[in-house]
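Working notes, structure below.
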């Protein structure tokens, strides 16, 4: 599983770990600051960034020490890897279920799936998954003296089968979502909004499923044919390298799929260059201007309409707001106020007031 000891090994794992930690940290901050991405979309992606961030930590451990000779450190790295993989699998599964329900039951989804419930669901994941991970590998006798070599205990077989079942359900929900998206696109070719977010999220789910393919094959062979140890070692090495690669690719994938996240990422990286920062901030404001008007029905005070000559949506909404404000003013001036006598205002019992139309 590991590179041979020497100069190349610490350099490789240190570079991979530092790059992954920095990328996932920057993307997490960029996602948190994004306003054009809805919370239903932003919350699972931020959780995936945190799981990739945790998955990058064992790379630093691989670089600083020989994991095969240091069993406690190897056990700690194994716990972090298992924990991050379990969180990623659970979040991807919930994401596929969320998108499938969003397309098939849109009315019920918008009514019952609120932002608070989505946030509470992912908080529950971060509470339950560490407990299950500790139950899975909490006993050190569940593993041999050789690092990362699993014994065929009943508990381990149950957890492996559950993980494979969750990935299979994720694949089914993803296929159902793709079929529904094709039907919607054939019926309404110009559909936008939540539909485009679903396309982006399903693409991310498929990328994670591709990462889990070698690991799923390893688990399948381990459950059915444990005598094929050479094949198991091959798939375990390939799945480990896939996890290392995807922990770097996934943050770049988020920034490429979401424009505001990409601009926020560039703004974080290019903060030292004032000219480039101003250009990025201008593009970001130009991107957010229609969004803020359509969502909040008003422009912030620091927005100047002359800076956005091509934002037709902004000008249309502003003209609609001015027209609506003028109509409300005319209606207010046209309403006649009836002067109610003070005796009626003081009376505790309801009193019928008759108005003479001639007066």
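Keep in mind that glycine also has a Cβ here, set from the backbone N, Cα and C atoms.
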Listed range which TrEMBL flags as transmembrane segment, given the options 76-97, 274-295: 76-97
Among ranges 45-64, 305-324, whichever one TrEMBL labels transmembrane segment: 45-64
